[in-house]
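Features of the protein shown, as given by TrEMBL:
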type: SIGNAL; residues: 1-27; note: signal peptide
type: DOMAIN; residues: 56-200; note: domain 'Cupin type-1'
type: BINDING; residues: N98, H103, E108; note: oxalate binding site
type: BINDING; residues: H101, H103, E108, H147; note: Mn(2+) binding site
Amino acid sequence: MALRPSTNLFLTLMLNLLAIFSPMAMASDADILTDFNLPPNVSNVDATFFTFTAARSLVGAQPPTALNFLFADKTSFPALDGQSVSLAVLRMPGGAVNPPHSHPRATELLLLISGYLEVGFIDSTNKLFNQTLNAGDMYVFPKGLVHYQFNYAPDVPAIAVSAFGSANPGLVSIPSNLFQTDIEDRILAWSFKTDIPTIQRIKASVQGSPQA
């Protein structure tokens, strides 16, 4: 049966609306209606507001002795609010691991500045995509997928810079979210097919682990 002209018009309109609004629905940060956002109770800024100087501490710094991060996001750098971008510097001594985690609101694009890394992510079918990187290589972690970084060179520190497609990419740490929250030990023990003392030992071992 042929569709009436009004039905055709309705379908065409709906398809056009879907084409327009689907990219907006997928965006991590809402579009702003001004050139930039200002913090509450601030009405006037100068160029200093748009300058981030915390990374100066990395220039000429000694090699890292522990896993550490420097973040430029909307919390540490308020000028990024509404700009859909943030950045992190990852510094890893030899043998260090940035444990499995995800960023629910942003894709991550990592550039390895120096050293060596094994990186990987797991897709929604539980397939692992892992790769070894040399200095100068880049790797993309799709938004929301669990991923990790491992400095497999025991005596060579690694430094990487990650860009995110959101001013507030978020962080879901798998170890912390499972073992540093209020999920009952018996539920975790059942889920991992182990006993409660094992779960309690794992909880004690992950206390205070850095993550990004």
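Cβ atoms here come from the backbone N, Cα and C positions, even for glycine.
Taking the Cβ of H103 (oxalate binding site) as centre and 10 Å as the limit, one finds 26 other Cβ atoms among all the protein chains shown. Here the CA atom of H101 (Mn(2+) binding site) lies 12 Å from the CA atom of E108 (oxalate binding site).
Taking the binding-site residues H101, H147 in turn and counting surrounding C-beta atoms within 10 angstroms, the largest count is reached at H147. Taking all protein chains in view, 22 other C-beta atoms sit within 10 angstroms of the C-beta of N98 (oxalate binding site).
DSSP states for the domain 'Cupin type-1' (56-200), grouped as helix (H, G, I), strand (E, B) and coil, give 24 helix, 57 strand, 64 coil. If you take the Cα of H103 (oxalate binding site) and the Cα of H147 (Mn(2+) binding site), they are about 9 angstrom apart, rounded to a whole number. Taking the Cβ of E108 (oxalate binding site) as centre and 10 Å as the limit, one finds 23 other Cβ atoms among all the protein chains shown.
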